[in-house]
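Colleague: Take this structure, written in structure tokens, and hold onto it; I'll ask about it next.
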Amino acid sequence: MKQYLDLCQRIVNDGTWIENERTGKRCLTVINADLEYDVGNNQFPLVTTRKSFWKAAVAELLGYIRGYDNAEDFRKLGTKTWDANSNLNEAWLNNPYRKGEDDMGRVYGVQGRAWAKPDGGHIDQLKKIVDDLTNGIDDRGEILNFYNPGEFHMGCLRPCMYSHHFSLLGDTLYLNSTQRSCDVPLGLNFNMVQVYVFLAIMAQITGKKAGVAYHKLVNAHIYEDQLAPMRDIQLKREPLAGPTFHINPEIKSLEDLETWVTMDDFWVEGYECHEAIKYPFSV
């Protein structure tokens, strides 16, 4: 929690105003931030200075794992995070590759589970990683990559958190996640949860111990219409003790995650927080 608040304060104090062409808004911006989450000791990085809807973050991650490309499928899991980008993004609405309402195109999980090969067919990056780790293999390239410039025109949004690199030291699994762009007030609490949970889930289904998850942000920013509530409300609140995160121990394989797992298979214990803050979302 401290590292999150320190980053927010750093942006407020030292950030540079940058015009964002996509949203038409100014962003107070810093370059490079490194966060760490001790998954092995269940130090769950859930924000307490405002209410954080962790279930929606986990639901979105599960949708990526399943390779979903439709906002309706994400809603069924329990998150509306893709409603706006799939249906309110003017450039995407006019894109000939859009298949209709709720279609997201070839983004995130589609790339992770069905990266198109130039000679035809697809690569299931995630399955390869799970198979390797289950067999104790780390080829120094256990990388789940969502960033495919050759297909940016076929999706509603470029990936923000685009790379997840898993590493084994003995029987302990580590994760390095890289994020090119981060809406800190609105998105970072989601992203922190997802990095933590991704390592916890992958360790569980591959039979490994969870170690530390390392989360790198390149462009970390606060939009101009988010600055006042961050500076004048959230940063003036005292953080509370952190909760613990739990996963149903019956989840034992990638197939389990693909088929029967629901949000009821994840729960948080001891979460206390301040009141919610409604930050504006920029499409």
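Using N, Cα and C of the backbone, Cβ positions are placed for all residues, glycine too.
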Colleague: Pick from N13, N191: which one does Swiss-Prot list with R22, R180, S181, C182, D183, H221, I222, Y223 for the same dUMP site?
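Modeller: When Swiss-Prot describes the dUMP site, the candidate it includes is N191.
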Colleague: With an 8 Å cut-off on Cβ-Cβ distance and a minimum sequence separation of at least 6, pull the same-chain contacts of Y223 (dUMP binding site), or say none.
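Modeller: When sequence neighbours closer than 6 are ignored, Y223 (dUMP binding site) has N20, T23, K25, R26, C27, L28, D183, P185, P280, S282 within Cβ distance under 8 Å.
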Colleague: Anything within 10 Å of C160 (active site, nucleophile)? Look among the binding-site residues R22, S181, H221, comparing CA atoms, and list what you find.
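Modeller: Among R22, S181, H221, the ones whose Cα sits within 10 Å of that of C160 (active site, nucleophile) are S181.
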Colleague: Which residues does S181 (dUMP binding site) neighbour through Cβ under 8 Å, counting only same-chain ones at least six apart?
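Modeller: When sequence neighbours closer than 6 are ignored, S181 (dUMP binding site) has C160, V218, N219, H221 within Cβ distance under 8 Å.
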